[in-house]
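Asker: One structure, as structure tokens, below. Some questions next.
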Amino acid sequence: LCEEGVPVNEHLARNLKEKEDDIRRSTTLSNLLLYDNGELPKLGDKIKMPLLAKTLKIVSESPRMADELYEGTLTKSLVDDIRGAGGIITAKDFADYRAKWQPPVQARLSGNLTLYSVPPPGSGLLLTFMLQLLDGFVTEAPSEVEVTQRITEAFKHAYGRRTDIADPDYYNISQVMTDLTSPEYIAKIRSKISDTWTSEDPKFYGGHYDTLEDHGTANIVVLAPNGDAVAVTSTVNLLFGSQFVSPSTGILLNDEMDDFSAPSITNYFGLPPSPANYIVPGKRPLSSMCPSLVVDSNGDVRLAVGSAGGTKITTSTALVTILNLWYDKNIKEAIDHARYHHQLMPMTFAYEYGLVKEVVQGMKRIGHKVTRMPIAWRSCVTAIARNGSTITSNSDFRRPGRSAGF
């Protein structure tokens, strides 16, 4: 792909145009993306990345594999490039980094199903909390307005407790882990949810903010012939990450530092800072990513799902899971369904075009401030569902992509 070129689809063409000024300001992005005449690639053109292809070959052919990046021939080049651009990273930073393998968070759901997702500082804990809170509760709601209200209040309570979640190696999150997996705590929160009223006080939802969020994320789910399944989410955070391409390796560097909190600074996605997520050397930032697997009582995969889209990742994954598992929507219907989102701050119910007008008006009557979600804010879900011998998959129409099988 890097050698032969990646075709520019509608999504990429729109992002190139949106970020044209930033691309032109960045020498390294300009070298990668602009033609010699200074024009941007157009729809259908191919973008080639020969330097990145060379780097990937070095990694794939080396017995050290990824260690070539962290403690090998590529490390010095990366460090020199970053420091040459004003960064402060060192070779020791690369050498000290380790990917961590940890047990997943899990939740028992009705129908003898179990959901597995990523542990903190990922957002699997929030996803399992929302689904356990809504299991059996949302399907009892008398109308679509009440369904939407109960789900939205679950979102708000989850994002309130999100402010207590951080890298467990640097912050004690034992209490929030206990709370969000406790049947008693979940029942207590459920009892606070009203079909006719909502609060605008973040403290009512457990929010702890110091004061009054993704466009570079991708998700893939895979189901193998033997039944194994994988859900993976990766990101450079915002569009074109840090907007810096390593001149010697062709690697586009991320801007994951925006996922940390800093005093008095609201991040790109509109989330105010939470002290639990302040920057500390070596710490990993809180992430909205929550790739997940749902299995039945035999351990067979029922659903593999994940999403891209910043702080909307967790809520969009929850909505698709709810529609597929509890409302008998096939996976395309569940993903295509108009979505809504509430992250507590800003105190706004955001909805997509296509949500029933009566629902929007009903949410207003309950007391929510409502706003239509711009196209650029939308999340993108990919999923594979299995019912017995039937396997279905779908790639979200909100971004170009497709399912593939053999």
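Cβ coordinates come from backbone N, Cα and C, glycine included.
Any TrEMBL annotation is an automated prediction that lacks curation.
Owing to the predicted nature of the structure, the values given are computational and were not obtained by experimental measurement.
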Asker: What does TrEMBL list, out of Gly206, Gly207, Gly310, as binding the same L-glutamate as Thr235, Val236, Asn237, Asp259, Ser287, Ser288?
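Answerer: Record check against TrEMBL: L-glutamate site with Thr235, Val236, Asn237, Asp259, Ser287, Ser288, extra candidate from Gly206, Gly207, Gly310 is Gly310.
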Asker: If you measure Asn237 (L-glutamate binding site) to Thr217 (active site, nucleophile) at Cα, how many Å is it?
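Answerer: Distance between the two Cα atoms comes out at 6 Å.
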Asker: Using all protein chains shown, find which of the recorded positions Thr217, Thr235, Asn237, Ser287, Ser288 scores highest when you count other CB atoms within 10 A of its CB.
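Answerer: Compared across Thr217, Thr235, Asn237, Ser287, Ser288, the most Cβ atoms within 10 Å surround Ser288.
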Asker: Enter the number of other CB atoms within 10 angstroms of the CB of Gly310 (L-glutamate binding site).
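Answerer: Summing over all protein chains shown, Gly310 (L-glutamate binding site) has 28 other Cβ atoms within 10 Å.
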Asker: Looking at the binding-site residues Thr235, Asp259, Gly310, whose Cα is closest in space to that of Thr217 (active site, nucleophile)?
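Answerer: Nearest by Cα distance to Thr217 (active site, nucleophile): Thr235.
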